[in-house]
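These come from Swiss-Prot:
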type    : residues           : note
BINDING : 144, 188           : S-adenosyl-L-methionine binding site
BINDING : 188, 189, 190, 191 : substrate binding site
């Protein structure tokens, strides 16, 4: 059997299993095992039956709807390649729309950026890499309450200035020392309505804690909007991702705080409503009761 024939059979198996991107996935899995990229697969000569056995096993796992990214162990996101796997939400291409918006904004020379619900560190690490590519600096804080997600985030943030904080964004008066200090806040929080029907890759493999946002999908979004109102300085910028059914609800929520101007609904790369942006205005909120971080909110700087 040739590699081309093996890929053809794999693509047919994946299509029969309901995988939308069957051919693409079959090629990516082959490239992963070959240690090359898809474009160079025609140049690859499989060393023997052992390769085809491994390929059969990994394709069978994909046919069981194990996410492609779990099998490969990485996912591309903007300018970075992130480590992902069981226990952490796999970043989606849709979220790159927030990244594109954020990188187009005018920020101070060394801004303070917060990524709330950072998960694998996707937005935080991508923003850090973007600024590094331009020779620019920033202080970037990623926040999440999942130990497993933060393990991946630490690995992804290695060699960057990203700081990671273990904390629940729904905690009242979280991190009061950030009040009125943040220049840019982005968030891809859990936002899927609880009753939504999901693809097997999502329902069976992504952590539910990172997916579902309450009956209407707005529970964590509401908490994040509250934090943005506190943490952003006047003129600070905010972007939050939402379900494609809750764009109007998110716009109404942000607008109802009376703390933001230029509230805009925005679409993802596929043209679906996906995130809302706004600018903070008005007086700074009162400082928190104390400036200390709760010891449960452990902070760590990624190893260089």
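Just so it is clear, glycine is given a Cβ too, placed from its N, Cα and C backbone atoms.
Within 8 Å of the Cβ centroid of the substrate site, not counting the listed residues 188, 189, 190, 191, the chain contributes 117, 187, 192, 210, 213, 220, 221, 224, 240, 241, 242.
Listed binding-site residues: 189, 190. The one with the lowest count of other Cβ atoms within 10 Å of its Cβ is 190. Put simply, residue 144 (S-adenosyl-L-methionine binding site) is 10 Å from residue 189 (substrate binding site) when counted between their Cα atoms. DSSP assigns residue 144 (S-adenosyl-L-methionine binding site) to a strand segment in the three-state reduction.
Straight-line distance linking the Cα atoms of residue 191 (substrate binding site) and residue 144 (S-adenosyl-L-methionine binding site), rounded to a whole number, equals 15 Å.
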